[in-house]
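Enquirer: Relevant sequence annotations retrieved from TrEMBL are reproduced here:
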type	residues	note
DOMAIN	38-404	domain 'SAM-dependent MTase RsmB/NOP-type'
BINDING	ASP151, ASP179, ASP279	S-adenosyl-L-methionine binding site
REGION	222-241	region 'Disordered'
COMPBIAS	226-239	compositional bias 'Polar residues'
ACT_SITE	CYS341	active site, nucleophile
Amino acid sequence: MDSSEISPSDRKEEQPAAPLPLPAAFLEFLGENGLDPMLYSMADTIPRYIRLKPGTESRMVTEIETELKCDLTKVSWLPDFYAIPPEIQIAGSKAYQQGKIYGIDAASGAAIVALDVQPGDHVLDLCAAPGAKLCMLADMLGSTGSLTGVDVAKHRLAACRTMLQKYSLGDRSRLFVADGTSFSILPVNSNLRSMEGYIVTEEGGSIFSEWTSKRLWKDRQKSKKANSAGSPHPTSTSEPELIYYGKDSGLVGLQKHYVLRPSTDEAACTSGYDKVLVDAECTHDGSIKHIQKFEFWGWKTLDRRVLEAERTGNLLHLQLGLLRNGFKLLKTGGSLVYSTCSLTVAQNENVVQQFLSQCPSAELLKIDSEDSWPCRSGSIEKTLRFDPATSQTSGLFVAKFVKLPS
Ligand SMILES: C[S@@+](CC[C@H](N)C(=O)[O-])C[C@H]1O[C@@H](n2cnc3c(N)ncnc32)[C@H](O)[C@@H]1O
């Protein structure tokens, strides 16, 4: 290992850090979940991580170092990842603007590596926005297979579309605004393409032509109409809305009606996704840099944005619903990664336990690269936990499942 690599055993020197003035409700939440508030004093000591787009020549590292005015320290346990000091901003840099680097925490990178995407895979990201993991998935996929991103928040998914286009990663991708607990559109794989009816031979059928941003105008008109008619934002009963598809996503030339029809559980077992990521909505309490930002945003908003859903109990229901539906869309033999950036047992091990008790075809899998990662085991065997103290990363829980024949 060269001297500029960051390895699992590297630790920042102990620095006395001022505790964040966390609000009482959040402290109470931490107490109830057995979490140490001192964790939030580490936000300024854990590095920021960037990923170099594969194919970016290594001479770029020196160029980026000159531009950012800091060292890029290679992360020994994660290919293409570098650590930079936490105070460095990348958004103004040429390397970022030209799409050569993107910011993504190393623990998030590990969750993607855990999914073990292979060329030709059909991959589903069920909670895709704002899209750092989606970009990495597209990178891993390369020039075969397909990537489907879903998110319930349209404006957030639009940010994914911008990212995919900026990093030239969108050709094999499609993006749906939809509720991930009920989304049921399968990938377009060779089985589907060869089935009668999918391809329109005569003129005039409703087929997917090449995607163009002009659709955005049409979309706007459609949603204006819907809004004036008093329609709500997407809910579990709304139709999925396709807001982007790339030229090699498999859709061009196919009949819309067939491609967009809901699938059955049986069809998913044979023609479903090879890999599914459920990076579920959560209280974000493990994302200590995110929590730190509430010092500027106002601690009152933390109460509303972080704790409200948790208090009502809706969140656990949503997480289980996302995991269940993501698993349903997996083909037999396929695998799913469930992750959250919460450190609580309730949103992680408990959800996993409940899911396993309800779904006999699901089995936890050991994550291959785990032995070389600076993480610890969750309280259920084969699940993993990254946290600032152990991993010098944000907090992340990761569990991997395989779908057995039922
Ligand atoms: C933790 S974030 C995902 C982060 C993302 N994977 C990334 O790496 O950038 C959770 C996302 O879940 C979305 N979400 C919440 N409820 C959802 C639902 N019912 N269906 C789909 N997405 C949902 C939120 O809008 C949010 O963008």
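Numbering starts at 1 and runs along the chain as displayed.
Each Cβ is built from the backbone N, Cα and C atoms, and glycine gets one as well.
Curation plays no part in TrEMBL annotations; they are all automatic predictions.
Give me the structural setting of these features: burial, nearby parts and distances.
Expert: Classification of ASP151 (S-adenosyl-L-methionine binding site) by DSSP places it within a strand.
In the three-state DSSP scheme, CYS341 (active site, nucleophile) falls into the coil class. CYS341 (active site, nucleophile): 24 other CB atoms within 10 A of its CB, across all protein chains.
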Enquirer: With an 8 Å cut-off on Cβ distance to the ASP151, ASP179, ASP279 Cβ center, who else from the chain surrounds the S-adenosyl-L-methionine site?
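Expert: Everything else in range on the chain: ASP125, LEU126, CYS127, ALA128, ALA129, VAL150, VAL152, ALA153, ALA178, GLY180, GLU281, LEU322.
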Enquirer: Of ASP151, ASP179, ASP279, which is closest to CYS341 (active site, nucleophile) if I measure between C-alpha atoms? They're all binding-site residues.
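Expert: Checked the binding-site residues ASP151, ASP179, ASP279; minimum Cα distance to CYS341 (active site, nucleophile) goes to ASP279.
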Enquirer: Hey, of the binding-site residues listed (ASP179, ASP279), which one tops the CB count within 10 A?
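Expert: Result of the Cβ crowding comparison: ASP279.
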Enquirer: Average the per-residue pLDDT over the domain 'SAM-dependent MTase RsmB/NOP-type' (38-404) and send me the rounded value.
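Expert: Taking every residue in the domain 'SAM-dependent MTase RsmB/NOP-type' (38-404) and averaging pLDDT yields 88.
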Enquirer: Counting across all protein chains present, how many other Cβ atoms fall within 10 Å of the Cβ of ASP151 (S-adenosyl-L-methionine binding site)?
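Expert: Result for ASP151 (S-adenosyl-L-methionine binding site): 28 neighbouring Cβ atoms inside 10 Å.
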